[in-house]
């Protein structure tokens, strides 16, 4: 059977589907890049917030419409199914199979035979091969979450925090290096908590050391670091040659009152100290964060505190989102809901400030050299990234030329608000 795989949602889904494709191939199937060549479609969904749910449902419905009059099967898997499986099966009976949060091998084994939506999510797995395109790959080191952020529903459909064994992760990374993958991106709900459940201590520093010891020309990026777990040992582990000094630390807000309502344990003064410590360790550290605006109870004063926080820290990269009022989240019962139009205005105001910070930082890069990895070519322009940018969520470096694999030194010739332009420095 020819399978076309559509991946929605976060990079953890990308990692899961890379393994799913490998298991499907081992069972005698083919993975196709064109929908017109497919006998079956697998849609891996996201069920985190309202916008993600809408996108997933719209995609499912579009494939259901597409398959009319065709000999095409549509299968749906992932977080949306784990969270709303019963309702989905009732509302969209045209789907040929539903699978919740399961190891990819389980999905490949049961697809076309029966639905599998486990009572207890099973988000981690053992490595047995994967299929990737491009020069970067996401590697899931753990999944699930034991925290209780009031706005978050992830523990409901991903379950408790579970780490993979370190040797299994290294086996997967060695597999990727052998296949010339140049950027290994470690993902989890909280990468800094890696190992606490199975080794009874934080193992991210040890994991980074052992990855760094592997031979090959590649670099390592760490995503989703919860500020509560960031120790000096973790910060020091970013000194390894192959580990990028890129710190993705979602703080969610800059008001102590709102942080308390979010059930986040760190106060802003502690967050300031953390970011100051990282920059004292590494003058070239890139700080990335995420901010939620419009949280219940957020007043103009609270929002101004967040703006002050952003202006003072001057994050290199920042993503901001409007609060999504999820019925199963404890924040759903909070009073003081912020009207959508006010939240949208605050989001725009915040991003205006961040764009100024970003442009000022980018201007300072003009004339300097950056090591760049190219992801694709479009109309004679190479689209790449330096150590400062993760795929899809951050900025790009644009260079005229034909696609090249590997790392290249690029001299920056001009700067935009977020993106850079440059030219390859010939040796």
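Positions of Cβ are set from backbone N, Cα and C atoms, glycine also.
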Practice task
Can you match one of 10, 17 to the [4Fe-4S] cluster 1 site that Swiss-Prot gives for 46, 79?
Solution key: 10
Handout entry: Residue pair residue 152 ([4Fe-4S] cluster 2 binding site), residue 10 ([4Fe-4S] cluster 1 binding site) - Cα distance, angstrom, rounded
Key = 15
Fill in the blank from the handout: Mapped onto three states, the DSSP assignment of residue 79 ([4Fe-4S] cluster 1 binding site) reads helix
Practice task
Measure from the CA atom of residue 149 ([4Fe-4S] cluster 2 binding site) to the CA atom of residue 46 ([4Fe-4S] cluster 1 binding site) and give the result in Å, rounded to a whole number.
Solution key: 19
Problem - Spatial neighbours of residue 145 ([4Fe-4S] cluster 2 binding site) that are distant in sequence (at least 6 apart) but have CB under 8 A - result: 152, 154, 155, 158, 160, 161, 189, 190
